[in-house]
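Structure first, commentary second.
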Amino acid sequence: MAISKKAGAKKAGAVSKPPPSKGASSKGGVAKADWREGFKKAQAGVSDMTLLSKVTNEAINDNLQKRFQNAEIYTYIGNVLISVNPFRDLGIYTEDILQSYRGKNRLEMTPHVFAIAEGAYYNMNAYKENQCVIISGESGAGKTEAAKRIMQYIAAVSGGSNSGIQDVKDMVLATNPLLESFGCAKTLRNNNSSRHGKYLEIMFNAHGEPIGANITNYLLEKNRVVQQIHDERNFHIFYQFTKAATATHRENYGIQGPEAYAYTANSQCLDVNGIDDHADFRETISAMNTIGLTADEQDNIFRMIAAILWIGNVQYVENQEGNAEISDPGVPDFVAYLLEVDAGNVTKALTQRIMETQRGGRRGSVYEVPLNPTQAAAARDALAKAIYNNMFDWIVERINQSMNPRTQSSNVIGVLDIYGFEIFDNNSFEQLCINYVNEKLQQIFIELTLKKEQEEYAYEQIQWTPIKYFNNKIVCDLIEEKRPPGIFSALNDACATAHADPTAADNSFIQRTGMLSSNPHFDSRGTKFLIKHYAGDVMYNVQGMTDKNKDSLLKDILDLVDSSTNSYLQKLFPDRPDPNSKKRPPTAGDRIKASANALVENLMRAQPSYIRTIKPNQNKSPTEYDSQAILHQIKYLGLQENIRVRRAGFAYRNTFEKMVERFYLLSPNTSYAGEYTWQGDARSGCERILTDTGIAREEWQMGVTKAFIKNPETLFALETMRDRYWHNMAMRIQRAYRNYLRYKEECARRIQRMWKNNKEGLQYIQLRDYGHQVLAGRKERRRFSLLGLRRFMGDYLDVGGANGKGGGSAEGQMLRQATGMAAGEAVAFSSRAQLLVSRLGRSSVRSPRFLILTDKAVYILVTQLVNKQVSTTCERRINLGAISAVGLSNLRDDWLVLNVNNAEEADPILHCYFKTELVTHLLQRTNGAINVIVSNSLEYSKKKGKKAQITFRKDETVQKDDVYKSSAVSVCSGEPANSVSRPAPKKKPGLVRPITQGKLLRAGGPSNANNKPKPRAIPRSTPTPAKLPGSGAAGTARPAAAVGSASAGAGVGATRSAPRPPPPPPAAVAPSEPQVARYKALYVFATENAGEMALDKDDVVEVTQKDETGSGWWLVKKNGVEGWAPSNYLELIVQAAPKPKAAPAPPVKRAAPVAPSATTASQRPAVAAKPAFGGAAAGVVQPKPVVKTTPAGGKPHERAAAVQADAAAAPVSVMPGLGAPGGFAAVLAKKKAENAAAAAAAGAGANGKGAGAPPAVAAKPVVAPKPAGSNGRAMPPPPPRR
């Protein structure tokens, strides 16, 4: 069932806001705060009985009593409203209170009938589903009042400014006083008891505006027209008309006071406290005018009322023959005047009965049979009841005609106001019909709130605890079933078999009820029978039941009506049964059964809201609370079971399709800019929406076809988010546009500042933070490890060079050569370290080593003096797959142990200042396969099969570093284990400060990391030629003339017919054509790799692009085909300057630049000193990281090969549009790239001196790896594994 909506938002189509209070200030219309607001009325009991700590009937009764005594008559059970009749005006239906419930969900306000109306109206608009409000309870519990308040609220909030819609609203409200006057009466239990049932359907257009209405009438208690018990009254209209009729009506229709008529005076109750018949009559006339009844129609209605009153005054006496005789002949004469018939016909119809005999289907003799006084009184009353009943039906039909919608309706809201359950001392056919309809309504409540709900949970496979309840279907079947025959069927059979004699028919019915004795809810007791209804046991009197069930007029009465000249009276009796028809006319029981089933069908097609009314006492006292009577009502209304189902169940459910359609805006995975983007099925989309909105998993369940939400608060939150979506989108657009206009210059400055400050080391910081995660707070830290400027630079010895695969500094190249690693092996980490070396018979000592980590192995290099020469050799190579664990102590020392599987040698014990960084790179290269052990005692293999331990202890006497002695390391206390790196020191702020406080832009670039742009490719345009190093200032070679340019120009000129223009004057010198640099291959370069250019010795090629990052590869062009070739295989062909075209003097050849000698150490580009612990080396340069991309065929989750220094690499792009080739970043990087390019050109020149004989194979230059990507840069490194 649909539940109402979001919190706080007003609805579209709102008429207007309520006017400000009297205390509103003149400034902006804001009401002044009132101290009284802090003293709110104390709440009695709980407003929602699902919150009761103990769910029993007695606890429910106690809670209702507390609230009733505190003038709080409304209480919730979930979305069901419980209303206790206060029998007084509490002042809670004013316009201000009505407006306070507008646009609010039921949890925001105290319980009220207006909240139910608001929920129904909102759900109709939001979900485009028909709604109905079912009001049930016993007579006098306040059902009619609740229905009036529902209509009052809907008319007030439903919007619509044109006159047609306002007319519909006025007519809907006018139906209440009009139908109350004709359909309600004062009873012992209720001063305004509905003696009929009505179902009002208000029809709305697509905008939620009322465009029409329709009323369905159910079973008017017409017997009340002629008979009432003591201290009850006839229908209100009789007292209103007799007391307040105009002089014209009194004169024309002979109207006197109510005491003058038998039908109004016999019960001896002419006046009622709290009822003003004069005022009510004026309201009735106003309602007639609003509905659109003409003056003639109103006169005819009052004429029929007067006729009924005068018919009641026809009194009988018994003549000598024992037949009925009218005591006052003037009365039937006046009745004849009012009905516009012959007076003799009236007398005959009221004292005689015409009987016809038939033989073989033919008409026989006609007899006039006189009636005795009892029979005559029955005929008189039958005429009065028929006129009033048909007139009431005509009024309802006339109302529907006036409210008939002029356009097509989209949805309806139905309000059911029907007579309550009745138990009297003498219960007859009317009570049977009324209680039957109430049983049907109770069955609907059970079907929708108890039975159907539990069946739906089972079908949808929802976790659920079954609740026991009483299903009254067995009682409904007892009354309405045909097979086995129920009470209505037994009545029909009795009427058919003994139709002439009512007493014989009643006896036949008593005999037939014996067949129902097997039903446990039925008990036959002579001339009476008992039915155990859901609301209690009722004893019914059989006498007169069959006659009331036939509900047929005598032929004499119908003939009298037919003879009338009043057209209105003719309209009241449109259909006359065909006497020749063999089909049995429908009985009253048939009609009420058909009406009840049609009502149930209509209600089942709508989404119901429930109002359960309770009568607090039988005396209509505003202060009396009859606990026993209310406890009985609580039980038969099933409030306890309703609370249990509500507490255990789900407040809202809907199909996946409708759920997605309603709430897809709330998830970025299912919508974009208001468009539905989900590609999966509706179930997965629904689940995604509920997950993305942050709803706790226990708050919802997914069924087979529907999604279930447990609490209404969750649904209200969803509705609130949905209502705010478009509002937030509009605000975001407005805010973004204002920010663009107001802060675009500041944004540019912030981007520049951020880029300058962070371009160098963002990735190094990320790697450093991952190192903290690796230690996981298990090891004390050194103070220098936590410095804000500390970065994990990786290749401190520059073994990997610019791309991590060679070409670094001289020392780095020497170390790489010493390891013997393959050309494509990328270096991730290199540093100086110390290895613990054991000595025979003495304690082990630390010995200096070089430590290199690649994507394949760990290399330990040692420098020794061999034959009086310093030699660096690879002491040990350990494959990464062989390392099982890395051991670290929990103190601040710098020792680590590499545990190697199945090694013949001892596990290396290393002392390295960058131990955390080394472990971090190890984990990245092995995808976290290496176990990191942190302990104060580390185990290692001293040799194969022999284990040893090295222990660590604190010693505050050790002032610096740590001390090793006899398998024990002593070290002082360090920083706490949970320490993290300190923030980098802030630079001194510039003179220009932003005008904002830093809230406009978020630090660190875009908020969504997924939106980070990919590096752009460098366009393949010919770069500016790099300067060549020489002994002095570097000179720039003049470009040679393009091959074939002259002939091409001649060819073009030859095709023209115009004469050649005259030559230029001799003094002018024409500019030379641009030359293309040509290079000659010094060696054979054989390759089959895609994108590479195979070269033979002495091949001449053109260089179209030189990689400025120093990777050693150039893009060359040979015979129109481009490809990559190593730059150290090429030599520049120096060409003489071409002869100027217009110069008369012979050309002057420019001498080729002097070939440089072999590059000496002084001529090499300066290499920054390697960082040493403690700052021993000065001028530490922080290089930029270049990470190797995943090779073809590699594992997709394999970590990047290395993060090493590269002074020539382009900056890493951290903001959109920066760091691209040719941009600001390229200008910054150009200076750093010049040295690498110059070194490559110098090497080519040196090789040119002896090109006649290629060097030995061993002397052939090593081919550098190709640039990664078209711009020579690799993709950014993946985030560290967490």
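Here the Cβ of each residue, glycine as well, is placed from N, Cα and C on the backbone.
What Swiss-Prot records for 1-30 (among others) is region 'Disordered'.
Marked as domain 'Myosin motor' by Swiss-Prot on the basis of sequence analysis: 44-723.
For Gly137, Glu138, Ser139, Gly140, Ala141, Gly142, Lys143, Thr144, the entry in Swiss-Prot reads ATP binding site. Ser139 (ATP binding site) has a Cβ environment of 22 other Cβ atoms inside 10 Å.
Per Swiss-Prot, phosphoserine is recorded for Ser365, and the stated evidence type is similarity to another entry. Every protein chain shown contributes to the tally, and the Cβ of Ser365 (phosphoserine) ends up with 9 other Cβ atoms within 10 Å.
Here the region 'Actin-binding' (412-494) is broken down by DSSP into helix, strand and coil counts: 47 helix, 7 strand, 29 coil. Taken from Swiss-Prot, the feature region 'Actin-binding' covers 412-494, and the record attributes it to similarity to another entry.
The annotation region 'Disordered' is assigned in Swiss-Prot to 569-590 (among others).
Positions annotated as domain 'IQ 1' by Swiss-Prot: 727-747.
Per Swiss-Prot, domain 'IQ 2' is recorded for 748-773.
The domain 'TH1' annotation in Swiss-Prot covers 781-977 and rests on sequence analysis.
The region 'Disordered' feature in Swiss-Prot is assigned to 973-1073 (among others).
Summarising the annotation, Swiss-Prot assigns compositional bias 'Low complexity' to 1029-1058 (among others).
Per Swiss-Prot, the feature compositional bias 'Pro residues' maps to 1059-1068.
The domain 'SH3' annotation in Swiss-Prot covers 1074-1135 and rests on sequence analysis.
Marked as region 'Disordered' by Swiss-Prot: 1237-1282 (among others).
Annotation source Swiss-Prot lists compositional bias 'Low complexity' at 1252-1269 (among others).
Within 8 Å of the Cβ centroid of the ATP site, not counting the listed residues Gly137, Glu138, Ser139, Gly140, Ala141, Gly142, Lys143, Thr144, the chain contributes Asn85, Asn190, Ser193, Gly420, Thr613, Lys615. Taking residue pairs at least 6 apart in sequence, the domain 'SH3' (1074-1135) and the domain 'TH1' (781-977) share three or more C-beta contacts under 8 angstroms. Secondary structure at Ser365 (phosphoserine), as computed by DSSP, is strand. A simple way to gauge crowding: the CB of Lys143 (ATP binding site) has 28 other CB atoms within 10 angstroms, across all the protein chains here. Listed in sequence order, the residues of the same chain lying 6 or more apart from Thr144 (ATP binding site) and placing their CB within less than 8 Å of its CB are Glu180, Cys184, Asn192, Ser194, Asp417.
Gly142 (ATP binding site) sits 56 Å from Ser365 (phosphoserine), counting Cα to Cα.
Long-range Cβ proximity for Gly140 (ATP binding site), meaning a same-chain Cβ under 8 A and a gap of 6 or more residues, is found for Asn85, Thr187, Arg189, Asn190, Ser193, Gly420, Lys615, Lys620. Of all the binding-site residues in the list Gly137, Ser139, Ala141, Lys143, the shortest Cα-Cα distance to Ser365 (phosphoserine) is found for Ser139.
Across the residues of the domain 'TH1' (781-977), the predicted structure has a mean pLDDT of 88. For Gly142 (ATP binding site), the count of additional Cβ atoms within 10 Å of its Cβ stands at 25 [all protein chains shown].
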